């Protein structure tokens, strides 16, 4: 058995994983779908344990357990949950355990990656989440909104005449809209208008939160972006930002190596 740690981030859309060495470097990593895919762990050395963040429910937990058991029977497993304090981060939630494990691990990863900086962490998945993290590691609170895809899908499902637009289709529509400078960012047909409107709603939320946080804290705040829809939302942002797409796995590595 190696000193490596298997890290698993089970979100609502995909399951991401990494194998981290004793220096918390990712030796290898990947992602797979919940039902239709599986990771190839056949050549990986046996880790000393698995650290799991799961916000996708019981079915995802059972599948992860089955995958681990098939490759490394009886491997020790730790299901990560938010706590009052861990790895230099303190939890400002009134009930700390109710904070999602992915958000908690992401906060720990962000605090380590950008030490001594005030942060606003925006993660774009099924939901869009924002976390306000002070330079001293105190999580001051957050916001949760529908993600870009969920926002577009909700309009298609709950209105009589609006279409349901996927992320891939919306991205192509926005490319077309950007080529027509005479109208951008305003669209002259419904699919373009829906795609651009939901994208601008995401960007507007982020920019408003960032400006409000800098005003409240009277100090610079680094805006950190993460998540699958970040590529699209970046195109609508007009404020400085930094990308970091492994915050949760980085946080899980820190939690694992502090155990």
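Just so it is clear, glycine is given a Cβ too, placed from its N, Cα and C backbone atoms.
Secondary structure at residue 102 (active site, proton acceptor), as computed by DSSP, is helix. Of all Cβ atoms in the shown protein chains, 25 besides its own fall within 10 Å of the Cβ of residue 102 (active site, proton acceptor). Sequence annotations record features per position, and here Swiss-Prot assigns active site, proton acceptor to 102 based on sequence analysis.
Other Cβ atoms within 10 Å of the Cβ of residue 9 (ATP binding site), summed over all protein chains shown, number 27. A strand conformation is recorded for residue 9 (ATP binding site) in the three-state DSSP classification. As annotated by Swiss-Prot, ATP binding site applies to 9, 10, 11, 12, 13, 14, 15, 16, 126, with the evidence given as sequence analysis.
The feature substrate binding site is assigned by Swiss-Prot to 93, 100, 101, 102, 103, 190. Residue density at residue 190 (substrate binding site): 12 other Cβ atoms are found within 10 A of its Cβ, drawing on all protein chains shown. Under the three-state DSSP scheme, residue 190 (substrate binding site) falls in the helix class.
Residue 102 (active site, proton acceptor) is 15 Å away from residue 93 (substrate binding site) when you measure Cα to Cα. A distance of 12 Å separates the Cα atom of residue 100 (substrate binding site) from that of residue 9 (ATP binding site).
Listed in sequence order, 8, 9, 31, 32, 33, 34, 56, 60, 64 are the same-chain residues at least 6 apart in sequence whose CB falls under 8 Å from the CB of residue 15 (ATP binding site).
Comparing Cβ neighbour counts within 10 Å across the binding-site residues 11, 100, the minimum falls on 100. Residue 101 (substrate binding site) has a Cβ environment of 22 other Cβ atoms inside 10 Å.
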